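Notes to accompany the following structure.
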Amino acid sequence: MAERTHACGKVTVEAVGQTVQLKGWVQKRRDLGGLIFIDLRDRTGIVQVVFNPETSKEALEVAETIRSEYVLHVEGTVVERGEGAINDNMATGRIEVQATKVNVLNAAKTTPIIIADDTDASEDVRLKYRYLDLRRPVMFNTFKMRHDVTKTIRNFLDTEEFLEVETPILTKSTPEGARDYLVPSRVHDGEFYALPQSPQLFKQLLMVGGFERYYQVARCFRDEDLRADRQPEFTQIDIEASFLTQDEILDMMERMMTKVMKDAKGVEVSAPFPRMKYADAMARYGSDKPDTRFEMELTDLSEFAAGCGFKVFTSAVESGGQVKAINAKGAASKYSRKDIDALTEFVKVYGAKGLAWLKVEEDGLKGPIAKFFGEEDANVLMNTLEATAGDLLLFVADKKSVVADSLGALRLRLGKELELIDESKFNFLWVTDWPLLEYDEDADRYFAAHHPFTMPFREDVELLETAPEKARAQAYDLVLNGYELGGGSLRIYERDVQEKMFKALGFSQEEAQEQFGFLLEAFEYGTPPHGGIALGLDRLVMLLAGRTNLRDTIAFPKTASASCLLTEAPSPVAEAQLEELNLKLNVKEEK
């Protein structure tokens, strides 16, 4: 078999007159009265191959048997297309290949999906036949971008003198957040490894070990409820460094991301990125990962609401809640009563009891609650919300968390429906100064907002024992277009501070020692100040490639129920395998 001389998408007018050897898949076959045209495809693109009896009867006879997705080896001569046959939408659109020989390397059944960017297959079919789905150019281009992003990051970190170090996949189960995936040990009867949710503890131990600068393209595993932007196994760019301040870490990440954007996407973004404190993000956008490509910020009306004539507002404030609103500029005529009812049902998903609304008309406020506001109150509302005729005002009165969640989500929905978002923009944002701990009323305990190893502000360390809810974290999230790209922090590196953190999280001294004794002991041997960040590679590629689902950036992803339709994993195992592990199943019968 002759060697391939050209990739299909790389045959251009410079090759006219040359004999070429091409190998690829049949994208399309057209029989035009004695001539057969085939679009031959490989990962670089498509080239048109012509089978003409005057050139080779033998090749034409073979071409008559060929169907879509056959794998071919074609030998032929490159010629220029006629003036009326030029296709400037293709890189190879000015030439075609006159076939002299063709060899069928492999035949193909009719595929269950159309191998094209626009396919009619459902996602389940695409996942079941993922190897066919991956043939679509849009999928290859996504993974080419993933490769380019990863290569750029590796090259950048190499110039910054970071070492790539692999950390264990089989590790210890620790209560860090989501449920662990557990792996039974055959050698240690009744004991289990856990797959890592992140390399957090190991990268900190590498800092104890004096490596100073570490990174890893790390596989991580979390047994959690899935959604469009979550997978049970995912990849993060894991970075840790000693002796750097928060500003130095953020500056380095900005330089890395601007290089990624330029090299992988061809987009120039300016640094430094804007910074916003967590409290401000929640107050202004109702989100800890705000999409700043459009305005429509939340306005706090609690002070006004406390003295207005609308009881729903006043009672919310009196009970410790708040009232906030968003002004959808010029949207009054675009939303009917039925449309607003749909918005009301939407905010109820986020815990809101309802959605109050007003439309601003030339002669004043109109809507179900307009009668509760006199002229003076109406003017205050209009001025506070900077409202003018044609605006739609939307209000939620509830607990602070419910107000933020519901209006934050509503803001994003309206931004999309009103086409306020410039999809060509890439708006990076740092969200800083996070709360260190969050209180869970159901569990009646505090949980770490990021993880238990986050360093509090120095002046807040004592608050861990007196007022944990007031302690602030030296933590930072990188946000892009309303998506959390990654999170990081400066880390605790002193045993006494780490023990205070564990105590605030409800660990007894014995539990902390049992779970994290190795880390606490390490902190007694001269641990350097350190910090880092973990960036979600899958999510970054999703945003840069313009995809809407993480599954499109992972070669062989899982479904929303964490199953693989291709291999049918998870699956039962043989009884002998269970016996070898001394395991017995207690499977609940379906009712």
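All residue numbers here begin at 1 and follow the chain in the order shown.
Note: Cβ is positioned from N, Cα and C throughout, glycine not excepted.
Annotated site 'Important for tRNA non-discrimination' per Swiss-Prot: GLY84, in sequence order. The annotation L-aspartate binding site is assigned in Swiss-Prot to GLU176, ARG222, HIS450, ARG491. Among the features that Swiss-Prot reports, region 'Aspartate' is placed at 200-203. Taken from Swiss-Prot, the feature ATP binding site covers ARG222, ASP223, GLU224, GLN231, GLU484, GLY536, LEU537, ASP538, ARG539.
On the structure: features taken from Swiss-Prot.
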residue	record	DSSP class
GLY84	site 'Important for tRNA non-discrimination'	helix
ARG222	L-aspartate binding site	coil
HIS450	L-aspartate binding site	coil
GLU484	ATP binding site	strand
ARG491	L-aspartate binding site	strand
LEU537	ATP binding site	helix
Please work out the number of neighbouring Cβ atoms within 10 Å of the Cβ of GLU224 (ATP binding site), leaving out its own Cβ.
14
Whole-number Å value for how far HIS450 (L-aspartate binding site) lies from GLU224 (ATP binding site) (Cα to Cα):
16
Proximal residue to GLU484 (ATP binding site) among recorded positions GLY84, ARG222, HIS450, ARG491 (C-alpha distance):
HIS450
Using LEU537 (ATP binding site) as the reference point, find which of the recorded positions GLY84, HIS450, ARG491 has the shortest Cα-to-Cα distance to it.
HIS450
Between HIS450 (L-aspartate binding site) and ARG539 (ATP binding site), how many Å separate their Cα atoms?
18
ARG222 (L-aspartate binding site), number of other Cβ atoms within 10 Å:
21
List every residue in the same chain as GLY84 (site 'Important for tRNA non-discrimination'), at least 6 positions away in sequence, whose Cβ is under 8 Å from its Cβ.
none
Which whole number of Å gives the largest C-alpha distance between any two of ARG222, ASP223, GLU224, GLN231, GLU484, GLY536, LEU537, ASP538, ARG539, the residues noted as binding ATP?
19
